[in-house]
Every structure is written in C-alpha cells, then in structure tokens.
Amino acid sequence: MVNFEPFTCRCFQKIKCTLKCLLWVPAALCALYFTRPSMQSRTDVQTCTTWKAPILWEGMFDPEVYDQNHKKEGTSVALTVFAVGRYLDEYLETFLNSSEHHFMVGLPVSYYVFTDMPEKVLHIHLGPQRTLKMIKVQRHSRWQDISMMRMKAISDVIESDIRHHSTHVFCFDVDQVFTGRFGSEALGDSVALLHAYYYHLPKIFYTYDRNPKSKAYMENGDFYYHAAVFGGSWKSVKSLAEGCYQNIMEDKQNNVEALWHDESHLNKYLWLHKPSRVLSPEYCWDTHIGYRSDIQVTRLLWAPKQYDKLRTL
C-alpha cells in the first residue's frame, strides 16, 4: 500500500506557509517569498551555496516579476567601467551600446566611465532614465596598477556621487559585450560571479594567491570569483572596494603583489564576507571554452583579447 502521508504533510505545510504569508507577513516580504530564485528548478547545477545564497541560473526566476518588484521599490543602478589607454578605443563603444540593449532594461541606470581621455569618449545614444558621467583618472605605466587602483576610484565615486543617486552598483571590465538579459534578478546586497574557467574544476585548481606574505593569501575558499563583474548595494560595494584597496596598499608597502592583482584580493574579501547572491557563468562567458550543457543562455561574453597590443604604452 502506498503511504501518502509524507506527500500530504508536505502539501499541508506549503499551504500553511502560504496562508501565513498572506495573513501575517507584510506585503513586501510576501512578494519576496514568491519571487526568490527557485532552487529546485535546475537539478543539473549547484543552485545554492552552503550559506544559503542562491547561485543564479537560467530557469530559476521569472524576469517580469523581478522587474516589476524592483520598479515598485524604486531600484536604481550605477554601472562603473574603466576604459584607459587603448581599451577605450577598442572596447568602450561596443560595451556601452550592448549595455543599452541588455543591462537592467527598464530601471534607471547611471554609467560611470573612468578614463584617462574623456575627450575621446564617443557620444552614445542613451535610453530613458539612462545617464553617463565621465571621470578622469590617472593612467599608470603598468596595466596591473590600473587594475588594482580601480578599487580606490570606485570607493571614492560611491562616496562622492553614487550613494546619493543609486541603490545598487555593478562594476565591469570593459572588454566584454552584453548578448542577453542581465537584469534585476542579478541584484542583491553583495553579488559575486563564478569564473567561467574554474566553476567546473576541483578546488585544488583554483588560482588563489598562495603567498603568505600577501594580504590576498588563501589556502582554501568557497569558489573562484571573477573580478570582471561584481556588485551589490552601494554600501556593500563601497566596503568591498575599500577593503581590497587597503590590502593592496599594505602589500605595496611590503613589496608584495598578489598573483592576480585585484582579483586575488576580491576573492579573499568574498571568502571572509560571503556574497548574498552568486551569478553563474552565464553572466560572463567565454566562447573559447566550448559547449557546456549547463550554459543555456549567455548574457555577457568576453570580447577577443589583444593583450600584446593593448597592455603596452
């Protein structure tokens, strides 16, 4: 005889939770209950961290519900991107134009372009509720210093400007192109991205900084995160940027340089301060990896790299 009792109990508990939400929980929390990512909708991938943060994949969310809720909440997003030296000519226009079609469409977005040559930034046709600000930064002699010093620039602009206008911040590398929806489902208090080249590998292959003299030193971690994309509330991103910058400067004083520069420091920070939302590699994919059955959509793609050309003066 089939025992229906476990199934009946589960149904009863679900109905009970739903009624509790409708009767006792404020409307905003009730909406959150129904729109959080569905952890059971993908069985082929890891959808949740050990600290119960969702790992976001295609099929785990209803885009329209997320967009409607964020519009009601008055969410606004700042996007920071660095286009220094030859990176400005090679990538910025494509990055911004593709962002207009795919990044947080329907929400107010403020672009903050950090560049050493503001006069060379081409006019980009922006949609409604989209603005662009250019911030002049010093051009360092080494690309490694440009990469590491962006943390200080991000922290400064959040304090001076972003926190007065935007609820959330996303920080991007410029050598990428949006190819699909990168929307409000990605928003959270602290958002990290799984690196496309490491998410399938055992942890022994993660390229954490193994130098005990560096503030980025790690023996073990949760995941390997990609510094090409990170974000969250403005408070959270400011804390991350300040923490990474302080550790970078301490390393400099000790004549130490982390293995992967700001990315090494970012991984250390996110190991100590767990992100509340993790983005799957859909949100930053490299087609050179080849076919992967778990990558059902691509939302942001690596642009072709030309390091020999672009990382020289």
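Positions of Cβ are set from backbone N, Cα and C atoms, glycine also.
Sequence annotations record features per position, and here TrEMBL assigns active site, nucleophile to E263. The UDP-N-acetyl-alpha-D-galactosamine binding site annotation in TrEMBL covers F82, A83, V84, Y87, D173, V174, D175. Positions annotated as Mn(2+) binding site by TrEMBL: D173, D175.
E263 (active site, nucleophile) has D173 as its nearest neighbour among the binding-site residues F82, V84, D173, V174, D175, going by CA to CA distance.
Here the binding-site residues are F82, Y87, and the one with the most other Cβ atoms within 10 Å of its Cβ is F82. Of all residue pairs in F82, A83, V84, Y87, D173, V174, D175, the annotated binders of UDP-N-acetyl-alpha-D-galactosamine, the farthest apart have Cα atoms separated by 11 Å.
Scoring each of the binding-site residues (A83, V84, V174) by how many neighbouring Cβ atoms lie within 10 Å, the top position goes to A83.
Listed in sequence order, the residues V81, L88, Y91, L92, F95 complete the 8 Å Cβ shell around the UDP-N-acetyl-alpha-D-galactosamine site centroid, once F82, A83, V84, Y87, D173, V174, D175 themselves are left out.
A simple way to gauge crowding: the CB of the residue listed as 'active site, nucleophile' has 23 other CB atoms within 10 angstroms, across all the protein chains here.
For D175 (UDP-N-acetyl-alpha-D-galactosamine binding site), applying a Cβ distance below 8 Å and a minimum sequence separation of six or more within one chain yields Y87, E90, Y91, F95, W302, A303, K305.
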